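Trainee: Got these off Swiss-Prot a minute ago, pasting:
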BINDING   Leu8, Val57, Ile64, Ala107  L-pyrrolysine binding site
BINDING   Lys155, Val156, Asp175, Cys210, Pro228, Ile230, Glu249  NAD(+) binding site
Amino acid sequence: MAIKMALLTPDDLININMQLQKADSAVQEVTGLDIKGICKALYGTFSSSEKVGIVPVTSGNGIIGNFSASLHAITQYFGFDSFVTDMPDVSGYYEAVQNGAEIILMADDRTFLAHNLKNGKMANNQPCTGIIYAEIASRYLKADSKDVLVVGLGKVGFPGAEHLVQKDFRVYGYDADETLLERATSNLGIIPFDPANPKKFSIIFEATPCANTIPEAVLSENCVLSTPGIPCAISEELRDKYEVQLIAEPLGIGTASMLYSVL
């Protein structure tokens, strides 16, 4: 049976521009680069105001309120020339192509994709999100070692963990699903993390749809926590106590990763 994505709600996307600006500042403070700079470094690509057609999709649970408008705001923020089609689904796709879209953005319950019609490149949100959040974590300027804790090894976390392994980090991984943990251990050679014998980390990447997955025992002072997970992986109390550098935003960072990956 196909696994659905964790779905955003309209409340997650309120004030998306403000959320994105805040995240951009946080990323720059942690890495020395803004989100666009991270994307350029990660993919070696540059934006030239490509025209992006955003197509609403009604299948499954239907259109998420604010989703298309949020994608429009996000793509504009990163310098793309975007528009939302009047029609959804196949009619919307046709409309986008007829109106000169070079890149299509569209999502149903299982897949959020970017498709560059000029070069044929296609990107899925889940791996792109995992990779960019892992990349941000890996660039933490104040990291005290190459040890990284990855919590969540599913469709977002596994690609992020793989990216960190490829960058020669020593990756400790944990997932409540033992099958996912065993797969990551076997395929990536990561070190299984045992919550009963914790250690502290200055770099943490989290990718789960669960709240408060990061226990106090793994937090070091001023560590970075890079997480696309909703709800937030850490309590406000622990974040304040350890002055955690939190990188968390619902949609924009992953979308930027998708777009730059298909340029």
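Cβ atoms are placed via backbone N, Cα and C, with glycine included.
How about a rundown of where these features are and what they're close to?
Mentor: Neighbours of Val57 (L-pyrrolysine binding site), defined as other CB atoms within 10 A of its CB across all chains, total 21.
Sequence-distant neighbours of Asp175 (NAD(+) binding site): residues of the same chain at least 6 apart with a C-beta under 8 Å from its C-beta are Val151, Gly152, Leu153, Gly154, Gly157, Leu181, Ala184.
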Trainee: Could you check the binding-site residues Val156, Cys210, Ile230 and say which one's CB has the fewest neighbouring CB atoms inside 10 Å?
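Mentor: Sparsest of the binding-site residues Val156, Cys210, Ile230 by Cβ contacts within 10 Å: Cys210.
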